[in-house]
Amino acid sequence: MVLYFKLIDPEYICYMGIDKFENEDLIKYGWPEDVWFHVNDLSSAHVYLRLRKGETWNDIPANILEECCQLVKQNSIQGCKEASVDIVYTPWANLKKTAGMEAGQVLYHNEREVKYVRNVRKDSKIINRIEKTREKREVDLMHERDSRDKSERHEKRKEQEEKRRAEKKAYEEKQKMEDIKKYTSIMKTDNMKFNKYNPTDEDDFM
């Protein structure tokens, strides 16, 4: 079971698992467009923000970042009781699992690809609005990821085919122009030869 929430202005979707075991599937089948959020040094929900195509985690609007942090803090048993917490976030692709790690536990491939939001305090107004958008879904995470990858491969093939057609057209246009230049050059050469060996006799016109 996955919980989905709608963030606004601009609109984004974020989601989280209901327990640490489901978090394992979220880690396994996350998307390259996803950004992972967690309360630093405390147990909490794993919240994922899904970016739009072409965006990077550096493009997250400040208000959307705040809403993600509020959602993470609210869904931490200990964190929600603290006056303030630090939130850690990183691209999904930077999450690392190793043998023997507990369910829901993660490391990072690159510590430099990790950011923090310090001293996050509860904002009840934001929490109340987000909670109203809560939607619980039964999701086949593996199927969704496979569909996403299939669509991406289709788009890449389409782009490559369009590129090949454009390159072919450009090549044909270039060849056409070169053929025209060659033809023009040949005609000029032939005219020069004709004029050289066939001089006009003015008496012919008298």
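Glycine is no exception: its Cβ is also placed from the backbone N, Cα and C atoms.
Summarising the annotation, Swiss-Prot assigns topological domain 'Extracellular' to 1-34. Confidence annotation: the topological domain 'Extracellular' (1-34) carries a mean pLDDT of 94 in the model.
Counting only same-chain residues 6+ beyond the ends of the transmembrane segment (35-51), those with a CB under 8 A from a CB of the stretch are 7, 12-17, 23, 26-27, 57, 59-60, 64, 68-69, 71-73, 75-79, 82, 85-92, 94-95, 104, 106, 116. The transmembrane segment feature in Swiss-Prot is assigned to 35-51; the stated evidence is sequence analysis.
The topological domain 'Cytoplasmic' annotation in Swiss-Prot covers 52-206 and rests on a curator's inference.
Annotated region 'Disordered' per Swiss-Prot: 138-181, in sequence order. Here the region 'Disordered' (138-181) has Cβ contacts under 8 Å with residues 1-2, 25-26, 28-31 of the same chain, all six or more residues outside its ends.
Per Swiss-Prot, coiled coil is recorded for 144-182, and the stated evidence type is sequence analysis.
Taken residue by residue, the region 'Disordered' (138-181) breaks down under DSSP into 41 helix, 0 strand, 3 coil. Using a Cβ-Cβ cut-off under 8 Å and counting only residues 6 or more beyond its ends in the same chain, the topological domain 'Extracellular' (1-34) has close neighbours at 45-53, 55, 61, 63-64, 67-68, 71, 75, 91-93, 95, 97, 102-104, 106, 129-131, 133-139, 141-142, 144-145, 148.
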